[in-house]
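Contents: one structure, followed by commentary.
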Amino acid sequence: MALQINPSILSADFSRLADEAKAVEGADWLHVDVMDNHFVPNLTLGVPVVDSLGKATETPLDCHLMIDDPDRWAPQYIEAGAGSVTFHVEAAAAPVRLAREIRAKGARASMALKPATPIEPYEDLLPELDMLLVMTVEPGFGGQAFLDIMLPKIRRTRQLIDKHGLQMWLQVDGGVSAATIERCAEAGADVFVAGSAVYGADDPAKAVQALRQLAEKATGTPGT
Ligand SMILES: O=C(CO)[C@H](O)[C@H](O)COP(=O)(O)O
Ligand SMILES: [Fe+2]
C-alpha cells in the first residue's frame, strides 16, 4: 500500500494558483475542489481553471467534484486534464455508468461519501472504482475540524477493500493534519488530502514531507 499526500489547492492563494501549485511539486497529486454552490454551499472553480492549472504544473490533478449532475460534468474535467475524478455518490444519477465512463476516458474513477453516507450499500460497486473518498468533514469548506466519528467508517471501508482483494486507494479529505493523519493511516487510509495543514504552513513542501513521514511511521510503510 503506497501512501500519498495530496495538497488541496482550496487553501492556496487563488490569485497565484500556478505558483501555489509549483510550491508543492513533489506531492503525489494536487487536489482540486470543484464546488458549485448547489451540492455544497460554496463556489470555487470550474473547467477553465482546471485546464489552466494542468498546464501550469507537472503534478497530476485529483479533481474532487462537489457538484450536482457529475454525470454531465465529469467528462469535461478529464478533457481539461484531470488524471483522477471523484464524484459524490449522493449527486450521481448513475454511479456505475459514470465510473465506467471516467475510466474509458482514461482517468482514475473515484467516488466520495459525505459523512452521513454509509459505505455498506456500495460494497458491490468497489471493483468499478480506482479510489473511494471518505469525507472527514462535511464538504464545502477548508479549515474545518476533523470528524473523529469517521474513523470506524475508514476502518470498515479498508476491510471491504481487502475482503475483495482490490488494489483501489482509500482517500480521506477534511481536517487532515499532523494531529490527525496518524489515526487516519492506522484506520487504513492511504491517500491523504491536506489543505490548510499544507498551505497554512510557512513551507508547504516541507509540510507535505512531514505529513508523509507521520503516515509512514503510523503504518510502517514507505510512501511513493
Ligand atoms: O473537499 C474539501 C472540503 O470540502 C477540501 O479538500 C478539504 O476541506 C481540504 O481542506 P482542509 O485540509 O483544510 O480541511
Ligand atoms: Fe476535497
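For all residues, glycine too, the Cβ spot is worked out from N, Cα and C.
Pulled from TrEMBL, these are the features on record:
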- D33: active site, proton acceptor (ACT_SITE)
- D173: active site, proton donor (ACT_SITE)
- S8, H64, G140, F141, G142, G143, D173, G174, G175, G195, S196: substrate binding site (BINDING)
- H31, D33, H64, D173: divalent metal cation binding site (BINDING)
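What TrEMBL annotates, mapped onto the structure for a quick look.
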{"residue": "S8", "record": "substrate binding site", "DSSP (3 states)": "strand"}
{"residue": "H31", "record": "divalent metal cation binding site", "DSSP (3 states)": "strand"}
{"residue": "H64", "record": "divalent metal cation binding site", "DSSP (3 states)": "strand"}
{"residue": "G140", "record": "substrate binding site", "DSSP (3 states)": "coil"}
{"residue": "D173", "record": "active site, proton donor", "DSSP (3 states)": "strand"}
{"residue": "S196", "record": "substrate binding site", "DSSP (3 states)": "helix"}
Pairwise CA distance, G142 (substrate binding site) versus D173 (active site, proton donor), rounded so that it is a whole Å: 10
Site with most surrounding Cβ atoms, counting all protein chains shown within 10 Å, from the binding-site residues H31, H64: H31
Sequence-distant neighbours of D33 (active site, proton acceptor) in its chain (C-beta under 8 A, six or more apart): S8, I9, L10, T44, H64, M66, G142, G195
Protein Cβ atoms within 10 Å of the residue listed as 'active site, proton donor', excluding its own: 26
Chain-mates of H31, D33, H64, D173 with C-beta within 8 Å of site centroid, divalent metal cation: N6, S8, L10, V32, D62, C63, M66, T86, L133, V193, G195
Spatial neighbour of H31 (divalent metal cation binding site) that is closest, considering only the recorded positions G140, D173, G175, S196 and their CA atoms: D173
Cα-Cα distance linking D173 (active site, proton donor) and S196 (substrate binding site), given in Å to the nearest integer: 11
Alpha-carbon distance [G140 (substrate binding site); D173 (active site, proton donor)] in Å: 11
Residues S8, H64, G140, F141, G142, G143, D173, G174, G175, G195, S196 [recorded substrate binders]: greatest CA to CA distance in Å: 16
The one of S8, S196 whose CB sees the fewest other CB atoms within 10 Å, among these binding-site residues: S196
Neighbourhood of ligand 2 - recorded positions from H64, D173, G175, S196 with Cβ under 6 Å: H64, D173
Remaining residues near the recorded substrate site, that is with C-beta within 8 Å of the centroid of the site residues S8, H64, G140, F141, G142, G143, D173, G174, G175, G195, S196: L10, S11, D33, V137, Q144, V193
Binding-site residues listed as G140, G142, G175, least Cβ neighbours within 10 Å: G140
